[in-house]
Structures are given as structure tokens and as C-alpha cells.
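*Asks:* Quick one: the structure is below, and I'll ask about it shortly.
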Amino acid sequence: MILANDELKRLISTGRLKVDPLYPDTVRENGLDLRIGGEYAIYAYESTVVRPCDLETAKPLFRIVKSDEVVIPPRNFVLLTTEEYVKMPDDVVGFANLRSTLARYGLVIPPTIVDAGFEGNITIEVVNESPNTIVLKRGMRFLHLVLAKAEGRAQYSGLYQGQRGVTPPKGLKGEC
């Protein structure tokens, strides 16, 4: 069951759902609009062979950029972080979607789940499928997080729990 704005406001007012900072336009009809944070990550090198199964961390592959603008070259991608630090209830799951207006410029994100019990800034992959460089601004609403009630409760203990700022991928060494 997708949660409407009255239920989202109730979860926030009781402290079960935390969004910090919380803006007047964050809670929407059927989800939360989240803003671009002050840093992003882009690949530091081009034409490099990347073997996730051999990596303990992918952090050296990325360059962290602190800026009020996010520059996404044509047919390239960046990792964005939300300005907001989010703490999900243990019985609510989030489905991250790019705001439709940005998709109409040629930006896309992969299907992304924010697990029940997750806490942290949300790092999201944004791909520019257009032939043009797209420049986004810090603080603009870019991500729409639809929240749904889960049956039962989950205890999240993933690798990205508590992350702050943009977080490059972890390596998959030991999983392959």
C-alpha cells in the first residue's frame, strides 16, 4: 500500500520517519521530494577496465566534486546524494524515482529501493542519455521517493547504513 501525504506527515510527526532537513514542499501527494546535496561523484578515469569482483572498494575510481552545480556530460553518469538525511521506519520501503521533468531532459535512474530501516543520505545513480551536457543545481528537487507499507518488520544492516554524503559503490570482492 502506497502511503499518501497524510500518513507521511503522521509518520514524520511521530518520529518514525525522519527527513532532515524537512522543507515545506518535501511531502507530496504520494511521496517525498528530495533535493540534490552539495557534492557528487563522477568517474575519475575513462576507458578503464572495472572488475567489481576484484575490488574491496571502488572509491579510487571516482572523483568527488563539491559544488553548487552538477555537470553531467552527454551519455555519462554521476552519483548524486540527497541533501536530506533520511531514516526509514522498519516497516516502510521506498521506491526512488527521478522527477518527471528531469526525465524529459534525458536523465534516467535505475530502479532503486530504499530498504525498510535504512538510515542515511541517499546516493543515486543519474544517467544522462541525451546528446547534451546537463547542469543541475544544488538544492533542487530531483528525487521522488514513494513509500509503501511492508508486511512485517525488517532490520536493515546493509553496507550503506548511516552513509553521509555521496558514497561510491563498495567492491564486490568476496561476493563473486
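Residue 1 is the first one shown; counting continues down the chain.
Cβ from N, Cα, C; glycine included.
Copied straight from Swiss-Prot:
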type: BINDING; residues: ARG99, SER100, THR101, LEU102, ALA103, ARG104, ASP115, GLN163; note: dCTP binding site
type: ACT_SITE; residues: GLU125; note: active site, proton donor/acceptor
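I'd like these features described in context: how deep, what's nearby, how far apart.
*Replies:* Its Cβ placed at the centre, ARG99 (dCTP binding site) has 16 other Cβ atoms within 10 Å. According to DSSP, ARG99 (dCTP binding site) sits in a coil region rather than a helix or strand.
In the three-state DSSP classification, GLU125 (active site, proton donor/acceptor) falls within a strand. Every protein chain shown contributes to the tally, and the Cβ of GLU125 (active site, proton donor/acceptor) ends up with 14 other Cβ atoms within 10 Å.
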*Asks:* Counting Cβ atoms within 10 Å across all protein chains shown, which of the binding-site residues LEU102, ALA103 comes out on top?
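*Replies:* Highest number of other Cβ atoms within 10 Å: LEU102.
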*Asks:* Among the binding-site residues SER100, THR101, GLN163, point out the residue whose Cβ has the most other Cβ atoms within 10 Å, with all shown protein chains included in the count.
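*Replies:* Compared across SER100, THR101, GLN163, the most Cβ atoms within 10 Å surround GLN163.
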